[in-house]
């Protein structure tokens, strides 16, 4: 019986209790500090020249070669010291919120995080976290022998910190001087942490790593652009892109652009939907497809011949590709333990495939951004060079430094060394198994059983040799190189199991499927042609961030025939890899109208067919069942909505969709640009669609009103401008009256002003909308509330708590009425009452502008 066909054990309460008792009897190991060191990784980066350049001056943005061993060693110390400190947290204010409210948030941030505070730091300069509510407790742990094991244990000192500074190359973004853990646990930052959580839930602030903000800024999409994020999850960069395209032009009622957020894993794509919901933009379209094989969408039937001849659909494409992630060692300490050069070689062809497909999907004149969180040239410059090589002149690199004058980024490399692992992953794994503590104990028991005088067999001798070799390798390792000579550094890397290959011909034949020709540096002619120095290399110690790499391509002409052939080969490999079930009539649903007519009943249009029947007819031919595709909502339902809320027939018939399969519980609001450019082009027949647009209407189960569908708060600011019934403009005091009562609380009609109270009592049972007076046509401020007229003399506010907090902040900023989410004070409440009475004078306040350009630790 095969392993896959073995029957799983049935759940048994008695067995589970016995297993849990066995686990509880085992001695648990205490938490220990993660070792931020990997001899192989450090030897590799020293050998390939990562420490061979340095800043021209302390405040300079230019770089120069290190001319002496002392300079290289100083650069190495800066790098490794920074990599061993925890990553500083950062956040940014959303770009799609109204300017007046954004200025209010910026004022809050500058008043709070611009204040100097005293905080405990350890010997490495990291802020010490303590449990809130008890600033004197001992947070160190002890093992069974009383040894200190907690990562916060050790000698600490008090230092003054400027908690944040503005990030000069990212608009409205701030980098804190402490890590996420300290923000969460340190009492001095409790108010700020609560404010940050509330603003994040409301969609006004996004917590995001500093270098992660760079690719969207480099792409700089405009509101009318079609944008594709090929590897979108978990969604921080996607949300940043969506903020750019969610702006509504003057006089418009919805965004003109859109963002397609794709990820290969459907589960991660659903997490992405949750992240994007904070922004409340209908301009998003979430899909699940391997980025290498994201399909080309054909032009619609109503387009001209010239438009059909154009290549690509997207104005901007982001390829934030999967990588080894060794630049994330500051926030992900596990990277140190598991780093391997073979990981870079394995992921290299996937990265090339994603980048090349991204170039194919972009319009001529559009831009493609390639980015990784790795410092390895095999994943960075080697991939960029291969994409340029395959594009055959259709792409060129663009230098964005002039548009981001304050960024500190090193130029891309034009040459590098190629190293390979001397042992395969399987051999190393076998060695680890044979040399672990359990196997050593078993060998010792076997030796004692057989007698101490008996000689070991060949296999045991080999194991002992391997053990001695590993111990010798660890004993001879020195973090500081004895010499910075290239030959010495290469030999030093070889001692850690890394072999250099000067040319592709030097690579053993059985390794060439792993270490490819494209991993090697470009030729002299290609160096002059590719301009790899235009890439942006961000090292951790340059900006106190993680390691990152960004390259921006511009598509200057359609891809050559050679590049298209390579893309077709990738598509063919994909069709061979997966078992697609094609139906007889499913050659290409987008290509001809006749194929659609053959798969659907000829006498009826798709709008007249019930959604369940349409789902059965439109069987996906790309390995998935699209029974949950978006289809036009039922005509009779849309007619009832138009009569009840006063919509025009044109608006409801073109903007609202439902999921195929059964009676619709939710109607989705989808923009015209998404409908025209994606749905009408048959994207749902090619890839799995996870989500699109916003929830427009939701069905209530109770039959207590004429129409049982109520508007959803997340899309009401796009729907309400089209309503001519059941919409009332109210003043700031009445608006605040809805907010202070809380979500779903009964609000008496008499608590409103007399004119509004009269209108409410005349309103029939069901949903209606309140809009702040003076903001009826200003959609960008989003001052709409979905309400419900109850049976009694009362109404309900159908807004969740997170959105209600956001409304309170906006109302306070726009009108001065109400309250902020979290009250701010100039002095942080971190001192005890005794410390407050000891000081007769208040400490001088340091403004944000004064400390912006100072060091984080004073």
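Glycine is no exception: its Cβ is also placed from the backbone N, Cα and C atoms.
Annotated compositional bias 'Basic residues' per TrEMBL: 1-15, in sequence order.
Marked as region 'Disordered' by TrEMBL: 1-31 (among others).
Under the heading compositional bias 'Basic and acidic residues', TrEMBL lists 16-25 (among others).
For 137-556, the entry in TrEMBL reads domain 'SAM-dependent MTase RsmB/NOP-type'.
The Cβ of residue 231 (S-adenosyl-L-methionine binding site) has 23 neighbouring Cβ atoms from other residues within 10 Å, across all protein chains displayed. According to TrEMBL, the S-adenosyl-L-methionine binding site annotation covers 231, 232, 233, 234, 235, 236, 237, 263, 290, 320.
Taking Cβ-Cβ distances under 8 Å and a sequence gap of 6 or more within the same chain, the neighbours of residue 373 (active site, nucleophile) are 211, 212, 323, 325, 327, 328, 546, 547, 548, 549. Look at TrEMBL and you will find 373 tagged as active site, nucleophile.
What TrEMBL records for 424-483 (among others) is region 'Disordered'.
Residues or ranges marked as compositional bias 'Basic and acidic residues' by TrEMBL: 433-465 (among others).
The region 'Disordered' feature in TrEMBL is assigned to 582-619 (among others).
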Report summary line: Span of the recorded S-adenosyl-L-methionine site, as the biggest CA-CA distance among 231, 232, 233, 234, 235, 236, 237, 263, 290, 320 in Å, is 19
**Report entry** Helix, strand or coil at residue 290 (S-adenosyl-L-methionine binding site) [DSSP, three-state]
**Finding:** coil
**Report entry** Per-residue Cβ crowding (10 Å cut-off), top of binding-site residues 233, 235, 290
**Finding:** 235
Query raised in the report: Which of the three DSSP states, helix, strand or coil, fits residue 233 (S-adenosyl-L-methionine binding site)?
Result: coil
**Report entry** Nonlocal neighbours by CB distance (under 8 Å) for residue 237 (S-adenosyl-L-methionine binding site), same chain, sequence gap 6 or more
**Finding:** 212, 213, 215, 216, 229, 318, 320
